[in-house]
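**Q** The domain 'Electron transfer flavoprotein alpha/beta-subunit N-terminal' annotation in TrEMBL covers A:3-179. Sequence annotations record features per position, and here TrEMBL assigns FAD binding site to A:Arg199, A:224-225, A:238-242, A:255-262, A:Asn276.
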Amino acid sequence: MTVLCLAEVSGGALALDATSKAVTASAKLGDVTLLVCGPKAAAEDAAKIAGVSTVLLADDPAYANGLAENIAALIVSLKDGVTHITAASTSIAKNVLPRVAALLDVMILSDVIEVVDADTFKRPVYAGNAVQTVKTSDAIKVVTFRTSTFDLAADTGAAAIEAVTGTGDAALSSHVSDDVSESDRPELTSAGVVVSGGRGVGSEEDFALIEKLADKLGGAVGASRAAVDSGYAANDLQVGQTGKVVAPDLYVAIGISGAIQHLAGMKDSKVIVAINKDEEAPIFQVSDFGLAADLFQAVPELLEKL
Amino acid sequence: MKVLVPVKRVIDYNVKVKVKADGSGVDLANVKMSMNPFDEIAVEEAIRLKEAGTATEVVVVSIGEKKATDTLRSAMAMGADRAVLITTDQGVDIEPLAVAKLLKAVIDEEAPDLVIAGKQAIDNDMNATGQMLAALLGWGQATFASEVKIEDGAAIVTREVDGGMQTISVKLPAIITADLRLNEPRYASLPNIMKAKKKPLEEKSADDFDIDITPRQTIIATEEPATREAGIMVGSVDELVAKLKEGGFV
Ligand SMILES: Cc1cc2nc3c(=O)[nH]c(=O)nc-3n(C[C@H](O)[C@H](O)[C@H](O)COP(=O)(O)OP(=O)(O)OC[C@H]3O[C@@H](n4cnc5c(N)ncnc54)[C@H](O)[C@@H]3O)c2cc1C
Ligand SMILES: Nc1ncnc2c1ncn2[C@@H]1O[C@H](COP(=O)(O)O)[C@@H](O)[C@H]1O
């Protein structure tokens with residue numbers, strides 16, 4: 001079995017957490033070749049992930065911005081002898097891998113949380129309210145892995161790096177600009193602590209309370225869809241069925257009601273704390289420690305006492 | 001410019017589904033069904049393009065049971081001009097690859113300049129059909145759109161990505177998939193709901209196409225996710241602080 005895994009590269013650097021976890025999952029299927037679309041330095045970092053036998057470096061700028069048409073064609077050109085094409089379920093992989101699957105006339109297995117065997121996988125459906133065990137009959141399996149359920153691989157690897165070129169720019173789309181959220185906080189999907197705010201926070205100014213608490217706990221900031229839609233928080237902070245999925249050691253939900261779409265993104269957290277003034281809020285049904293209180297009193301008090 | 005929007009009839013987003021006791025699937029009997037929320041956003045965007053004079057016609061397409069007629073009528077009540085329904089057997093969920101193949105057949109006939117799909121169907125949570133369709137057509141794709149501008153034969157699309165936002169330009173014809181922040185879909189007014197009943201709806205059967213829609217994946221089991229043990233309510237911030245200390249978080 002040979003697995004071709006697409007490494008996650010963002011802002012010209014290897015995203016180690018996502019890539020390493022995807023390698024852990026991929027290694028359950030066979031020998032892992034990691035494809036790095038980015039600069040040589042990213043490939044050098046990727047070569048250190050244990051379990052990777054070869055790193056393929058594609059440094060043509062056509063592959064640099066996650067453009068699906070170019071990267072999908074590159075992956076298809078590398079398919080000989082490959083049984084599985086995998087990646088972490090990031091926005092880049094969700095964009096590229098279904099395109100690869102269709103070019104190969106196979107289906108996709110999105111957001112896999114468990115590898116049962118080479119062609120059987122578990123994945124959540126209906127906002128995580130059910131988990132399906134799915135067996136595929138496709139010759140090549142195209143899989144994205146939900147990283148929150150896989151561990152990091154060791155960093156003791158020393159894989160060889162080979163250059164690949166592919167067909168370059170398909171000229172169907174082009175990159176215009178990036179508007180990257182800058183933050184000194186830990187990354188949302190890999191942080192040990194996440195503090196999220198919802199509509200109850202009420203305004204962008206007051207969202208600073210959430211940020212202060214996150215900083216106090218050394219955590220990342222998250223948000224509900226309502227908080228993002230209302231402009232209190234950036235879109236890339238949305239946790240949930242159609243946002244990011246997190247499973248930190250501690251998740252603190254503040255002014256969040258606990259809609260199924262939100263729970264889908266955080267209910268696998270180890271410890272859940274909820275602060276909500278409505279004691280009937282559904283979030284309390286999944287929380288380990290619930291505090292029925294007005295957040296504008298409770299959070300400042302918490303900041304003071306921690 | 002003609003815009004085509006694929007819409008799926010799915011379980012309503014407010015319903016919490018239950019897994020059947022025998023593990024054979026989820027219980028969809030007597031459950032409220034609606035248009036996939038991302039598809040409502042896609043329909044709204046297409047209608048806005050028409051209202052802005054950029055698009056001339058909005059065609060909605062659904063693949064599914066006969067009841068998907070309701071979904072198509074809802075889309076026409078919002079403002080779509082006409083609809084195509086491709087019927088499939090009852091109770092069978094068609095996989096994204098097969099949906100993409102059927103949509104391609106419709107697109108080969110309709111020749112739209114732009115397809116706006118939803119980013120994800122909230123039942124199977126696949127997030128795949130738009131990308132697959134773009135591959136089959138050899139078109140460019142702009143997924144997870146939060147802003148769309150049409151300029152000089154291209155779509156300039158701002159996308160919601162993991163690190164923030166990315167803007168790309170994609171040549172038309174192209175596939176766009178709608179994310180949550182693209183727009184806020186309108187409610188259909190009563191007169192428009194009445195008017196939609198008279199708009200053209202063409203019905204075909206999946207069997208009329210020479211396309212193999214046999215599933216590639218077999219669902220062996222459907223289980224409840226792990227449930228969390230019930231927690232406790234704390235009475236004060238002090239008590240919460242104590243719990244966080246016990247847990248080693250501070
Ligand atoms: C297609 C689709 C996809 C979606 N995807 C997601 C997703 O990925 N993630 C997501 O989060 N949602 C998602 N949603 C939205 C989801 O259904 C809910 O609408 C959303 O999660 C609600 O956010 P909220 O809890 O912040 O707001 P609300 O439900 O309005 O809850 C606000 C809470 O704040 C509490 N509150 C108010 N004031 C105070 C105060 N002063 N002190 C303490 N508590 C207070 C209230 O009691 C209430 O419980 C999706 C919806 C759809 C249709
Ligand atoms: N049966 C279907 N009929 C029409 N459109 C569909 C169907 N299935 C998926 N789609 C479209 O593809 C999008 C993504 O669905 P999915 O890939 O299943 O998550 C949806 O939001 C729809 O726009």
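Keep in mind that glycine also has a Cβ here, set from the backbone N, Cα and C atoms.
TrEMBL does not curate its annotations; it predicts them automatically.
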**Q** Whose Cβ, among the binding-site residues A:Gln238, A:Gln241, has more other Cβ atoms within 10 Å than any of the rest?
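**A** Of the binding-site residues A:Gln238, A:Gln241, the highest Cβ count within 10 Å belongs to A:Gln238.
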**Q** Report, in sequence order, every one of the binding-site residues (A:Arg199, A:Gln241, A:Ile256, A:His262) having a CB within less than 8 angstroms of a CB belonging to chain B; if no such residue exists, report 'none'.
**A** A:Gln241
**Q** Summarise the model's confidence over the domain 'Electron transfer flavoprotein alpha/beta-subunit N-terminal' (A:3-179) as a mean pLDDT value.
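**A** Taking every residue of the domain 'Electron transfer flavoprotein alpha/beta-subunit N-terminal' (A:3-179) together, the mean pLDDT is 97.
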**Q** Can you tell which of the binding-site residues (A:Ile256, A:Ala259) has the fewest other C-beta atoms within 10 angstroms of its C-beta?
**A** A:Ala259
**Q** Work out the three-state DSSP category of A:Gln241 (FAD binding site).
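**A** Reduced to three states, the DSSP call for A:Gln241 (FAD binding site) is coil.
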**Q** Per 10 Å Cβ neighbour count, which of the binding-site residues A:Arg199, A:His262 ranks highest?
**A** A:His262
